[in-house]
Amino acid sequence: MATAAAAVTRGVGAKAAAALRGGCRTAPRGRPRAGPVRHLCTAPGTAPDMKHYLWERYREAKRSTDELVPSIMNNLLNPDAIFSNNEMSLSDIEIYGFDYDYTLVFYSKHLHTLIFNAARDLLINEHRYPVEIRKYEYNPNFAIRGLHYDVQRAVLMKIDAFHYIQLGTVYRGLSVVPDEEVIEMYEGSHVPLEQMSDFYGKSSHGNTMKQFMDIFSLPEMTLLSCVNEYFLKNNIDYEPVHLYKDVKDSIRDVHIKGIMYRAIEADIEKYICYAEQTRAVLAKLADHGKKMFLITNSPSSFVDKGMSYIVGKDWRDLFDVVIVQAEKPNFFNDKRRPFRKVNEKGVLLWDKIHKLQKGQIYKQGNLYEFLKLTGWRGSKVLYFGDHIYSDLADLTLKHGWRTGAIIPELRSELKIMNTEQYIQTMTWLQTLTGLLEQMQVHRDAESQLVLREWKKERKEMREMTKGFFNVQFGSLFRTDQNPTYFLRRLSRFADIYMASLSCLLNYDVSHTFYPRRTPLQHELPAWSDGTPTFRLPLLQEAQAK
């Protein structure tokens, strides 16, 4: 992900690296990572004072870091930018497709509380769970998207792109599991491939992990943790697999039984964040002759009321095709289900569909029939959605569509990354890590004591940076140093990603997105985005425009 941390890394490679070298006293020449450190320059017959030497290097690096921060603060990233994983030109895009929930429409904080409360009550009333769990209320600051849940062990955790658990982010109930227990539980911190979630993030076919990728899953994770907490605190013996299934079914029923839909329709101003820019985006595309379609799992009347509220009563005039209750991701794979027409009263008609007509609403169907009826194939189609698996994966892997991910959390994370406190902490964390790497060649007891102090400081700073985003689980996009498993899937299945569709208003319809070349571990930083030809989407440039 393009972040202010990129600027931090480049800065550490310049001024801060010079401080690490320190001339004759530190002795390595060239890049800090390019070879062993030579012996100190000391008078013949005298032993070097390693403690003094190392702390002097530490202070020099600290001063260099402090000097570097102001220049980084002048290169803040624009939270309303679009970021690219793959080169793509909008001039090639003729057809734009959209999901509905958390793509065209955004919901207020009240919705997750509604889902949590409704599912909790279903657990009590229909699954006979203890009435005492009603004391638990939804905490919007507990979980983040992309977490994995071990169904059999009843623990929630964050996993990186290499299947390693980030220690300190494993929770049983509402309490963190000690690192030693996690390592004993998994015989290390690595989760084998056969235990990971399946392709769509589900726990099936022997997979013991479930990955929560949907924004709607935030209340589900919190409810799971709360009920686990109640059983543990009250020493109640229970089967974790049954608890997971019951919570999953209760969350599902909040949607399927229409509880959520009816509540939103009854008080639309409370639950839907009015976004006038949604209409502006659609109007801009329509003015440039682009075709547009909507494929959503939500029901017809619900979508109609929501779109009428945020876009206008004439919203269907903007779309060439509208498909509801599509049952994604099955819509993209199941060739058997035909389309059904929905009339103005919401009644399903029985006539065979030979053409998908503008202004008409259709239900179910499948992508293969959709392609046959519209001819909209390949890289001229760009589809936007918030769910990496259900919305985007099949489209990019099997059908060659271009894909755009809507990641609402991106805007808030970028704003945090633009703060001086974050930049100061990350810059020093990177510098200290380089200092540790370089000075580890000193194996004497005095030097090792100093290095242990540095490692302790580094561990404390890592915990601090995690807390900038979420106290329990940290950033959606990073573990301590690696990309998260969520980001790995985002990078694989989305050509571009952004905080909201409104970001499109900042770009011309013929704009080409170029992914920045970030250096591999064995490449020189000079080949990366540090060169003038690869520029970051900077905040001050957007403000100047």
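Every residue, even glycine, has its Cβ placed from backbone N, Cα and C.
Features of the protein shown, as given by TrEMBL:
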ACT_SITE  Asp99  active site, nucleophile
BINDING   Asp99, Asp386  Mg(2+) binding site
ACT_SITE  Asp101  active site, proton donor
BINDING   Asp101  GMP binding site
When neighbour density is defined as the number of other C-beta atoms within 10 angstroms of a residue's C-beta, which of the active-site residues Asp99, Asp101 has the lowest density?
Asp101
Just to be sure I understand the packing, how many Cβ atoms besides its own are within 10 Å of the Cβ of Asp386 (Mg(2+) binding site)?
23
Between the Cα atoms of Asp99 (active site, nucleophile) and Asp386 (Mg(2+) binding site), find the distance and write it as a whole number of Å.
8
Inter-residue C-alpha distance, Asp101 (active site, proton donor) and Asp386 (Mg(2+) binding site) (nearest angstrom):
8
